[in-house]
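Among the features that TrEMBL reports, active site, proton acceptor is placed at Glu425. Residues annotated as FAD binding site in TrEMBL: Thr143, Gly182. The domain 'Acyl-coenzyme A oxidase N-terminal' annotation in TrEMBL covers 17-137. Residues or ranges marked as domain 'Acyl-CoA oxidase C-alpha1' in TrEMBL: 279-440. Residues annotated as domain 'Acyl-CoA oxidase C-terminal' in TrEMBL: 474-650.
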Amino acid sequence: MSENPDLTNERASGTFDTNAMAAVIYGSEKFAQRRREITEAISKIPEFQDSHPLVFMSREEKISEACRKLAVLSNYWNSLIDTSDEEEALHLYREVLGLEGHPLALHETMFIPSLIAQASDEQQEKWLGRAQRREIIGCYAQTEMGHGTNLRALETTATFDISTREFILNSPTITSLKWWPGALGKSANWSIVIANLIIKEHNYGPHPFMVQLRDEKSHEPLPGITVGDIGPKMAFNGADNGFLGFKNYRIPRENMLMRHSKVTSDGSYIKPPHAKIGYSSMVKVRSRMAMDQGLFLASALVIAVRYSAVRRQGYLEDKSREVKVLDYQTQQHRLFPSIARAYAFIFCGFETIRLYDQLLIDVQNGNTSGMADLHALTSGLKSVVTYQTGEGIEQARMACGGHGYSMASYISEYYGVAIAGCTYEGENMVMLLQLARYLVKSIEMIQNGKSRELGPMVAYLAEKESEIDLNLGPNEYLKVFEYAARNQTWRATEKFQKLRNSGMSNEKAWNQASVELTRASRLHTRLYIMSTFINHVGSIVDQKVKGVLIDLLNVHVTYEVMDIGIYVQGLLSSNQMDLIRNQLYVSLETIRPNAVSLVDSFQISDMQLRSVLGRRDGNVYENLFKWAKSSPLNKTDVLPSVTQYLKPMMDKSKL
């Protein structure tokens, strides 16, 4: 079947090369090309196709399907990708396995990175190669039933027995059960477990331990281990998130990961060079989250924008044919700012990953000065990006009308997977407050005359307001955001200080000021996102690509400033706000001819997208009917439940 002519026309109206844009999105022409090559190679291997639509499968069937594909993948792995390239591996997983989860998800994103970041050279020699060759399957067990974000309150213990030189792991309460780790339920046979290190009755706090959970031959849980699946979730049901408990479970001393902290054979404790160095695995995940969430949002927008270009409803000037819903200003206002955010999030993802990689090098050289800065930055990004991604995906669903509510759109799965990010790796409010502590310390440095010691990300807090000329481009909008973030950070800090100085305890004063503090953190983070977006667009060489990204950047800066109007009332007049509003509407019109090309540039295949509404060929209606007919309920015309219950009820009513 040929392509829907509406989409053909949309693509013809684009002003840039989507392959060139893909190179910008994915960091290089080389990787963008490799993505296309991997996608094409996969499409030619029938075993990688879903045996039937995932949405019609049970949890057990989804997990079995993922395992089947992983087994097939093991035969092709070395021929499809450069196995040392993490990005190629992640793309391969996304193409073949999608986003509903699989047994190796945590193995690749948490288990192996944790071994790299926290295991000593000797420990890496023992375990890292086995993990990379998939001789073992690992996960990362930190969160407990009763505690997640508050690491200091974790209850699992690892007590050092000096006589045997072993750690004894225990789960002393029901709330101390490890709860939520992916692949823990039924798949993983090893785990990095975060437990309180106890030596001679002294608790040294959470530390990582390499723990075998299941026999490598039988896969049965080892004695002293209680492990299983926690049940179905809102989404991500191809993953076996699990629970884990210990009862006097012994592991060798050498199984504590000791690149940073160490315990000697006589029970002496050697502390790490930086108090939060053990959090590097979490920082790694948060560093990736902006990019991953940007791709979740991008996927939903591919679906919504393509569908909006083929869905016709109502009339404008031409009464002879219904208009594309993408031509309505309300639809553009709903979708185009989210396209801008998706691009911005991905660009921020590149930057934070670069900062994380540099941090690893610095830490290995004994320099931990960047840890606090990156921890604060990724805490804020994690919170703001996950929340705004959830908002954007839900808007994309509603933009698809009634069909968006159908699992045929697959947007609901993207939503369910993406919003999990609001609570895993740190609950969002807690993350905002962690960033707020960094901001408050920065204000206190200014108050104490130490402005020159501020890091580059918070230097604006010490600057004075300047004149704003909105006709001079995006950097003037950046000044508006700086004004909003600076004023709110000072306001929140002064409120906290006033409460504390009144005699209130530090903890209570912090709680009483916490809403204002989280507002400061959001504004600071959104300022960073805008700044990174501006800088990234400024570095682009291809002029056609740069031109359309400037248009998209104009949507972003005008929409974001309008969204924080309450925080800039003391800076901008009502006339200036009207100017920004009108510039936003003009920017929406400017983007309209490139809308489909902008989402096409993400180059997300139909196989990965799994959406009837978002098909690249735009042939939605024929395939929606075909999809509906494949529902298991349509295998028979009369369901057994009708014969067993409804028909007797109706027959009885006739008597």
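Glycine too: its Cβ is placed from the backbone N, Cα and C atoms.
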Neighbour count (Cβ, 10 Å) for Thr143 (FAD binding site): 20
Averaged pLDDT, computed only over the residues in the domain 'Acyl-CoA oxidase C-terminal' (474-650): 96
Count of other CB atoms lying within 10 Å of the CB belonging to the residue listed as 'active site, proton acceptor': 25
Cβ-Cβ distance under 8 Å to Gly182 (FAD binding site), same chain, at least six residues away: Gly101, Ala105, Leu106, Cys139, Ala239, Asp240, Asn241, Gly242
Distance [Cα-Cα, Å, rounded] between Thr143 (FAD binding site) and Glu425 (active site, proton acceptor): 9
Residue distribution over DSSP helix, strand and coil in the domain 'Acyl-coenzyme A oxidase N-terminal' (17-137): 89 helix, 0 strand, 32 coil
